[in-house]
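Visitor: The structure is given below, and queries will be raised subsequently.
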Amino acid sequence: MKVDFQKIFFISLVLLITVIFFGLIGGFFLALFWAVIFAIIFHRRYEQILSKMPTKPNTATALTIGGILLIVIIPIIIFGLAVFLESEAIVNTITESTEMIEEQVEELQDQLPLNDKQLRHLGITSREIETKIVEIKDNGIKYLAERAISFSQNILSVVVNFALMIYILFFFMRDGKRLVQQLRWGLPLQDQKEIRLLKRFESVARATVKGSLVVAIVQGAAGGLLFFLLGIPAPFLWGAIMMVCSLLPIGSGLVWGPWVLVLFGKGDYTGAIILLVLGAGFIGLIDNFLRPRLVGKDSKMPDYLVLLSTLGGLYWVGLSGFVLGPIIAALFTTCWYMVGQEYEDRAYQQVVTEPSAEELAKGK
């Protein structure tokens, strides 16, 4: 058998360049991913706008992206203003508490030399305690500085990726059909299989985003209302935080759980019990009840697979995993279904074409 070394070399070269290219753009994977997701979700709206101005695809694309920005930015501005107003009081309280702690530490430092006799029987000295207090203060300042730098870097990264996503989205929205045709042309699959995989990707992306948004809004609204009725300060702020936390595995429990302990500590046992019961029995179950049904119904995946793939996606890539996880799971099940269908058809053809035992006997 003659080995085609040129073909092997060419395929190896293509694979190598492909791996290098994906490694090159790997840092911007999430920007590319979300550009694809938004292009899928809003492509129908783009087609509607384009139908009214068929000779101006750039204008139609710009109007579509402008609508996306309004949908995203206006809620962010509203939430930002409300959260800022409510968080201002919390920041002031924290600042006052910090100043009080610093005053108490200074008073303790002033009193330490007078307590050497009392500390001597414990095997320590006031100098050792004073050194430890200074060390704790220095470590605290260092930690806050590191967190501030990390926060600034994260904000810059988010801004850069968001701008890149919008830029890429323009071309994905305008040239989406042509890009899909090029992708189908490059895939070494039958047309039927290519169409099935692409439609699966689209349906699961739509279902996952829709389901996650509904869950986030319902959990945030329910949690904020409950906090307001219980008299917990800044209910709008905590409701907004619950909306974000609804994308995490533990979900809104990250918010209402600590407040149960706070209410218990304040002696408000009735409020703590109400928050615990409604938080665990109602708010906490919204995610488990709604997400599998909203995502699973439209994506045609079982509830347990939606849950497992969502958790796996969150663990793998962070918040973007709530969309990426179910998409990968859907493509996985679809690919294996096509494999089974392929071998089933081959087995059937083999059974039909092979002679039966009676025919073999007659042939003899």
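Heads up, the Cβ atoms here are built off N, Cα and C, so glycines get one too.
Just so it is clear, the model here is predicted, and its values are computed rather than measured.
Feature table excerpt (TrEMBL):
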type	residues	note
TRANSMEM	12-42	transmembrane segment
TRANSMEM	63-85	transmembrane segment
TRANSMEM	155-173	transmembrane segment
TRANSMEM	207-230	transmembrane segment
TRANSMEM	236-257	transmembrane segment
TRANSMEM	269-286	transmembrane segment
TRANSMEM	306-339	transmembrane segment
Visitor: Taking 12-42, 155-173, 306-339 as candidates, which has the most Cβ pairs under 8 Å with the transmembrane segment (207-230)?
Guide: 306-339
Visitor: Check for me, if you would, whether the transmembrane segment (155-173) reaches the transmembrane segment (12-42) - at least 3 Cβ pairs under 8 Å, residues 6 or more apart in sequence.
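Guide: Answer yes: the transmembrane segment (155-173) meets the transmembrane segment (12-42) with 3 or more Cβ pairs below 8 Å.
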Visitor: Please indicate, using numbers and ranges, the residues of the same chain that are 6 or more beyond the transmembrane segment (269-286) and have a C-beta under 8 Å from a C-beta there.
Guide: 215, 218-219, 222-223, 226, 230-231, 242, 251-253, 256-257, 259-261, 263
